[in-house]
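According to Swiss-Prot, the protein carries these features:
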type	residues	note
TRANSMEM	27-47	transmembrane segment
TRANSMEM	72-92	transmembrane segment
TRANSMEM	99-119	transmembrane segment
TRANSMEM	139-159	transmembrane segment
TRANSMEM	169-189	transmembrane segment
TRANSMEM	200-220	transmembrane segment
TRANSMEM	240-260	transmembrane segment
TRANSMEM	264-284	transmembrane segment
TRANSMEM	289-309	transmembrane segment
TRANSMEM	338-358	transmembrane segment
Amino acid sequence: MLYLLSELSGVFSPFNVFRYITFRTGGALFTAGLFVFWFGPWIISLLRLRQGKGQPIREDGPQTHLLTKRGTPTMGGLMILAGLLVAVLLWANPRNSYVWITVVVTLGFGAIGFYDDYLKVTKQSHKGFSGKFRLGLEALIAVAACVAVAEYSAPGLAYRLAFPVFKDAIVNLGLFWILFASFVIVGAGNAVNITDGLDGLAIVPVMIAAATFGIIAYLVGNVIYASYLQVNYVPGTGELAVVCGALIGAGLGFLWFNAPPAQIFMGDTGSLALGGLLGTVAVATKHEIVLAVVGGLFVLEIASVIIQVASFKLTGKRVFRMAPIHHHFEQKGWKEPQVVIRFWIIAVVLALLGLATLKLR
């Protein structure tokens, strides 16, 4: 809402600062972080009181988890989403369609994750509601979002897929683009969800990806920078940098409480929502393929589960000691902090590779 003050800059010139995306991105980051940090202890206490036993821990998982993680409350994604929403409403341009599309997907995926977490906690079971039904709901939200993105895209960009590195490589997929882009959003949500298995493991790579796509959104939403980098100029997407800034701030606030030993888990409430947000930003900025690079860690995690399940069904043998792959390394003797920090390093390297695609032509 503060963006609207820029329209009064003729009356009070300092209000002109609210025109700048970079300023508002910083404001969103600070606001979201402060909100989560300030209200975090109260939210954690409330969730612990309501949930009692907290998130159920896998009996077939690493045995150390049964001792160190049992009783920890889940649904910490509520903290992240609250901080994110407050910051976006305060600092983003309320007239920007891409902002609202991203917010709707984030809250929609968050609601699905919340219900799943609720069932797991109340039943003290790892099984929430039907996986097929959950994917169906996610797909409906994603398809609606992709149709909206196509509707608001500039002429010549709707239903088109851009390829990184290659100059002017953009293909008109027609309505198939809706299916592809929806797959990106749903896949991103579930990939982050799979990754969220150790203290701090998911939130830091999410913030790294958000920072990367915040930069991408800012550049492709600026006609001068887009022309210089020879990437597709996508009007209006620069405002998504503010959303990414809010995510980073909320993530930092959450990490304060999620750092090992975690006081709270984000749960499906957070992981599905944040993955959906990243997928939507990638779709809006026409950098869907780059998301597979920047979010390569998430791709690796979900691929390990797919490979494990497929191998066991086809051959009766497991490729990994345990899936997702972060548990595989735990079973090999890596300590939890080793797995987490090494995976963070991988996320940083992949983010830099993703940014490099902007310049390579």
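Each Cβ is built from the backbone N, Cα and C atoms, and glycine gets one as well.
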Contact call for the transmembrane segment (289-309) and the transmembrane segment (99-119): at least 3 Cβ pairs under 8 Å, seq gap 6+: no
Who are the chain neighbours of the transmembrane segment (27-47) in space, where the CB to CB distance is under 8 Å and they lie at least 6 residues beyond its ends? 2, 73-76, 78-80, 82-84, 86-88, 90-92, 242-243, 245-250, 252-254, 256-257, 263-264
Can you work out which residues elsewhere in the same chain, 6+ from the ends of the transmembrane segment (240-260), have a Cβ less than 8 Å from its Cβ atoms? 21-22, 24-37, 40-41, 44, 76, 79-81, 83-84, 87-88, 91-93, 98-99, 102-103, 199-200, 203-204, 206-207, 210-211, 213-215, 217-218, 221, 266, 270, 274, 277, 281, 284-285, 336-337, 340
Pairs of Cβ atoms less than 8 Å apart decide it: which stretch in 139-159, 169-189, 200-220, 264-284 has the most with the transmembrane segment (338-358)? 200-220
What stretch, picked from 72-92, 99-119, 139-159, 264-284, has the most CB pairs under 8 A with the transmembrane segment (200-220)? 264-284
List, by number or range, the same-chain residues at least 6 past the transmembrane segment (72-92) whose CB is under 8 A from its CB atoms? 1-3, 24-25, 27-29, 31-33, 35-36, 39-40, 43-44, 47-48, 51, 54-55, 99, 103, 106-107, 110, 113-114, 117-118, 120-121, 239, 242-243, 245-247, 249-251, 253-254, 257-258, 262-274
